[in-house]
Amino acid sequence: MDFASLATEYQQQFNAKPERVFFSPGRINLIGEYTDFNGGHVFPAAISLGTFAGFTKRSDRTVRMYSANLPQAGVIEFSLDDLSFDKAANWTNYFKGMLFELGKQGKQIDQGFDLFVHGNLPDGSGLSSSASVEMLMGEILLKAYGMAISRVDLVKVGQQVENDYLGLNTGIMDQFAVGMGKKDQAILLDTNTLKYEYAPVKMDGYVVVIMNTKKRRELTDSKYNERRSQCEEALRRLQTKLDIQTLGDLDQDQFDQNSYLINDDVLIKRARHAVIENQRTLKAYQALQDNDLVTFGKLINASHVSLHYDFAVTGKELDTLVETAWQQPGVLGARMTGAGFGGCAIAIVKEANVDAFEQAVGQVYQDTIGHPAEFYIAHLDDGPRELTK
Ligand code: ADP
Ligand code: MG
């Protein structure tokens, strides 16, 4: 999609050309899974798949929105004077929530807009289409309304939208990865302090292949909350003897020497994942600094194994994709990405092997699971931006 194709789609809906066109990426998390609420590091990157929007400012206080991904919902209309949660058209809440939460901080807009949205991220698949649309709204407020706010603050508002406006228990990683993305770079983010560093990712003839299980997330929310409270309980038990704020404060030796305090097999496994995954993430960052994609690949394999055995969030679909990927020629590593239980996995694959890779993994997946997987190439990309004609 580009300016011209978006403009054409917009015109079919709103009978005029859009004034401006914006794009906001999705994200993958390279490594550092389930570390975010444990005070650890995450290592995500914005990707070339994302959400496009044609935009025209209006002179009144009306907002009209249409998503090509949800044509049955039709055009949704509301006024800037009523930014309350819309139960019937839930997708609009991701945009409306940004206006609402910013309004609470005294940052209002006085003119409404017409918006035509079209994304090419698979929805609800763990590539953060929600953060993509939140940061898309943020970009429009920055560029078209000149709102005085930093990108990091927009990221925080995006998280507030999910936590407060939508009532979802999510961390800061998604909005941060999307909002702060840079081409060919990943972001090492300390979720405790929000300190971050960019790491150049030189792919050297390799590409990141996203593998989509096409499995609808079902129990994800309740399992996510369960994992969260298990980690909190393990931390409480460690704190009876140790002076630590988060599991991310421990290295592997400290954990091994003190895990007896947790005194429960399941809780020890959950906490061990959080501690070691954080260490692995720091090692993965170092491997990329050293241009050592081979070591990086091994670390992401280890991440998946830990998410399978210790954290138990993979499931048959993700395991089938990842374990089959490991066996293919030209693959440096593969792991699930996002919350798990379905959604997507990533693999680092030699460019020349990609077609054969998709063919082979796709066949095994179809035979084992009974429905096809989908594959996309992800280029690490810039954050939200305006597209020119
Ligand atoms: P994820 O962020 O992993 O893709 P979420 O459940 O957090 O999954 O967010 C997906 C929701 O975001 C969709 O159900 C929809 O409400 C909203 N959304 C994302 N992209 C679009 C889009 N292109 N058009 C309309 N709504 C969208
Ligand atoms: Mg989301």
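Each residue, glycine too, has its Cβ placed from N, Cα and C.
TrEMBL entries are annotated by machine, without manual review.
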According to TrEMBL, which candidate in TYR206, TYR224, TYR260 joins GLU33, TYR34, THR35, ASP36 at the substrate site: TYR224
Counts by DSSP class (helix H/G/I, strand E/B, coil) across the domain 'Galactokinase N-terminal' (9-53): 9 helix, 25 strand, 11 coil
Spatially closest candidate among GLY124, SER130, GLU162, ASP174, the listed recorded positions, to TYR34 (substrate binding site) (Cα to Cα): ASP174
Pairwise C-alpha maximum, in angstrom, for the residues (GLU33, TYR34, THR35, ASP36, TYR224) that bind substrate according to the record: 12
Rounded mean pLDDT for the residues that make up the domain 'Galactokinase N-terminal' (9-53): 96
Sparsest-packed of the listed binding-site residues (TYR34, TYR224) - C-beta count within 10 angstroms: TYR224
In sequence order, those binding-site residues of THR35, ASP36, LEU127, SER128, SER130 whose CB lies under 6 Å from ligand 2: SER128, SER130
Candidate with the highest Cβ count within 10 Å, taken from the recorded positions ASP36, ASP174: ASP174
